Each structure stands twice: as structure tokens, then as C-alpha cells.
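Undergrad: Have a look at this one.
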Amino acid sequence: MPPCLCLPSPTLLFSTRHRCRLLKPPHASSQISLDSPLCNQISKSKTTGVIVIGGGLAGLAAANRLQADNIPFLLLEASDAVGGRVRSDIVDGYILDRGFQIFITGYPEARKILDYDSLDLRKFYSGAQVYYGGRFHTVADPLRHFADSLQSLTNPIGTVVDKLLIGLTRLNVLTQGDDEILNAEEVPTIDLLKKIGFSDAILERFFRPFFGGIFFDRELETTSRLFNFIFKCLALGDNTLPAKGIAAIPEQLAAKFSANSILFNTRVVSIDSESNSSSMTVKLQNGEILQSEFGVILAVEEPEAVKLLAGEKTVEVRQPVRSTVCLYFSADQDKVPIQDPVLLLNGSGKGIINNMFFATNVAPSYAPAGKALVSVTLVGLYGDVADEDLVDRVMKELSGWFGESVVGSWSYLRLYRIGFAQPNQCPPTNLKKNPKIKPGLYICGDYVTSATFDGALVSGKKAAETLLQDRVMVNV
């Protein structure tokens, strides 16, 4: 850990004539929100130690690391709350996560930085139920659900040999360190699975919908490095949801910071540097100018980062980016056909649904008493299909699974189209990118490391530590 830099303790190293009234936004009790237009009209000259641009997991992790060394910082977030893509909305008493998101407790960095107990994590069944041949078949983790795994040995979701190969793959990843996995020789995940010897049956009926839903890539062209890392994390932990929604994760991080360290509804339009100096100038959309004494950490998603870094030596956003659609429906509790907290996969090879689950089977707090919440995920954006047509197609497909009398009683709540759900991480990849762009300018985000919650957290911490190390070198 870099030595502590002896800097002033206040977050901002300036004073202003106007005082901003800070309020907590609804449904995000641990966040700080701007409520006055005066907050964007205060002094034209502001200086702080470090400016962190972006309040997603990476930006929050960077700020957390800076705070650990008492480095003053200001975090700028363009939207009205922290989280980036890790957000939740409250709609008619239902908690709707913005897109299909599951938190894996086996993530190594998350274990260090998050308080799992206070998140009140609710567990999924360790396995899945796969829709194939007109019914559901169980795929179970043999170490956690031994009896279920024995019963599933002869089901049509792969052969007995396939199930043994899953166990061997698990042992293989558990014997490797994380750095070893992320730096290993790589191939597309589908090529790795074929090389291991998995049958076409389990590839099509389990791996494509399961890991396709994680990567938002049903072709499984994503790097084998990411597959092995996630497979290891799944072996070491549980799939979970925080009782208060996925947004509870970034909210917990933000709650550690002082009230004046985060500015919401604050969009950055440019970043400039003084020659041969780590001092950076940040221009906001409203024309206001901010200055950082020690540097800027850019923690926005990849497409926005490329825009703000125009003129710097950065690569273009790899195409296609990973997109998804998530639909939510409400139901009466007695109209839920499956009571287990299990992920349901579409292994039929037909239709547009990739996976779904009854969120209230995992976390009853996701819906009002007596009600249930249904979450359905599609891989891809379906940009040429109107929302109402997409809802109709999904309802029709679900009716084929559970019956029209059941699905017909459900009510549509909301649809989310996530154009940039994840970066494209097909080979060749570099999952250990250097966060330093130039003196005083650093990047972080899941596109810098692995496209996971953990990757975002690691990249944020690494960006902050690189900045701190550079400061030590300058002062030597």
C-alpha cells in the first residue's frame, strides 16, 4: 500500500459564496443528491485533490481507495444516483433492477470491500432448471444439492459424462490463481468447452443460455479467461440478490463518503491537462470549470470514455457491444408456477427468452405482500421491435411454458433496453490493462479488467493506487 500523503482533510480545497442544499434521493437512503440549481452556479474556480468522473462501481471503488489514504476527492456523476449500470427502481412497490443482475459472493475483491451481512443477501438455488422438450429439467451443483444432482444424471440436459466434466472443470479452475486465469492463453469460450469434451446437448441446452445470460453472448465468443474466472467464483460462492435490490451494493459504498464529496446531475464534457503536470482541468456541461491537483480518474462506461479521451491514445469500442432487454411482470403469489429460488433457462433452442426467474422466490422484499415479481431476460437489443410487440411475444412464449391461464393473469410492469450492458471481451483481450493514460489521467471500469462486478471494483482500486504511486514518485 502506498504511504499516506499528508494532504488537507476537506474534500474540496476551495470556498464558495453559495451553499448547496443536499437532499437524499428517494429509494436511495445512503446517497447524496443535489437539489438546487445554485449548485451548478457556484464559483467558477474550484480545486480538489482528485476528480473521479463516474459514480458506478469502478468510480466508487476508486474513491473508496482514495479516502483510505485521506486524499481529498470529488466524485462527479451525470445521473441522479450512484451505481452506473448497477441501479434499481421502485415501481408500484416493486424493486426493479435495471437489467438482469446477480451478485456472486465468490468475487474476491467484493469480499474485501463490501459488507455482505448488511446487504442482506438472498441466495439462489445452486444450479438451474432448463426448459427443454416441453418441461423443466434440473441441473444441480453436486456439492450443494447432491440428491438433486444424482436424479439429474440421466436427464436430457447433457450426458453423464458431461456432468462429470463439469466437476473436473470446477477442480481445474479452483487450482488456479486469479492472476493466472486472467493472463492465461485464451480462446473463445465455446472453443474451450468443445475442447474439454462437452456434448452438443449440454452446450446448446445449458451453457449457451446460462453463460450466454452472464456474458449477454449466446454465441459464447467471450474469452475463456472470463469463463474460467466466473466459473471459479461460482464454485467459491453463491448467486445472490441484496434484499433491497442490486442498487444496495453501490449505495453501501457511497454511504462511506462525506455529504459534499459527490455531485449528481453533473456531466463532464472535456478533460484537459497542463503540460508536464498531473494537474487536470475538467469542464462541465454547464460551463463550470473544476481543477484537480493530483489527477483525474475517468470511471465512465467505455463508449463515454472514448468520447472524453478523444485525441488520446485509446482504442475504439469493440463491436458488437453486449446488449440486453429485461422485462418485468407482477403476479399474484398464487399464480407463481415455481416456488424455488432458481434460475430458469431456455434450453429449447426456440423463442427469444434466454432466462428468467421469479425474483420474489429469491427475495420476497422485491414485491409488496402477497405479490410476486417476474423477471425475463433477452440477449440482444431487439431495436427493430416496439416495446408492446416485444411484451406480447414474451407473454406468448411464457404461456407455452406455464399455461395461458397462469401467464394471462400477470401484469406488465416495465421494460429495460440496455444498449451497453457489457463491453465486448472476445479474444484477444487484455484483462490487466494499465489504468494510466498519461500523467494525471487514469481510467477504470469493467472494460479495463474483466466484465464483472469484481472487475469494476478491482479496476477502480487499481486506478487510485496507480495515481497514489505516481504522487509518491513525484515527491521523492
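Including glycine, each Cβ sits where the backbone N, Cα and C put it.
TrEMBL entries are annotated by machine, without manual review.
Relevant sequence annotations retrieved from TrEMBL are reproduced here:
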{"type": "BINDING", "residues": "Glu77, Ala78", "note": "FAD binding site"}
{"type": "DOMAIN", "residues": "57-467", "note": "domain 'Amine oxidase'"}
Undergrad: What number of additional C-beta atoms lies within 10 angstroms of the C-beta atom of Ala78 (FAD binding site)?
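TA: 18, counting other Cβ atoms within 10 Å of Ala78 (FAD binding site).
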Undergrad: Taking only same-chain residues 6+ apart in sequence, whose CB is under 8 Å from that of Glu77 (FAD binding site), what do you get?
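TA: Looking at Cβ-Cβ distances below 8 Å from Glu77 (FAD binding site), excluding near sequence neighbours, one finds Gly54, Gly55, Gly59, Ile262, Leu263, Phe264, Asn265, Thr266.
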Undergrad: Can you give the mean pLDDT for the domain 'Amine oxidase' (57-467), rounded to a whole number?
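TA: Overall, the domain 'Amine oxidase' (57-467) comes to a mean pLDDT of 96.
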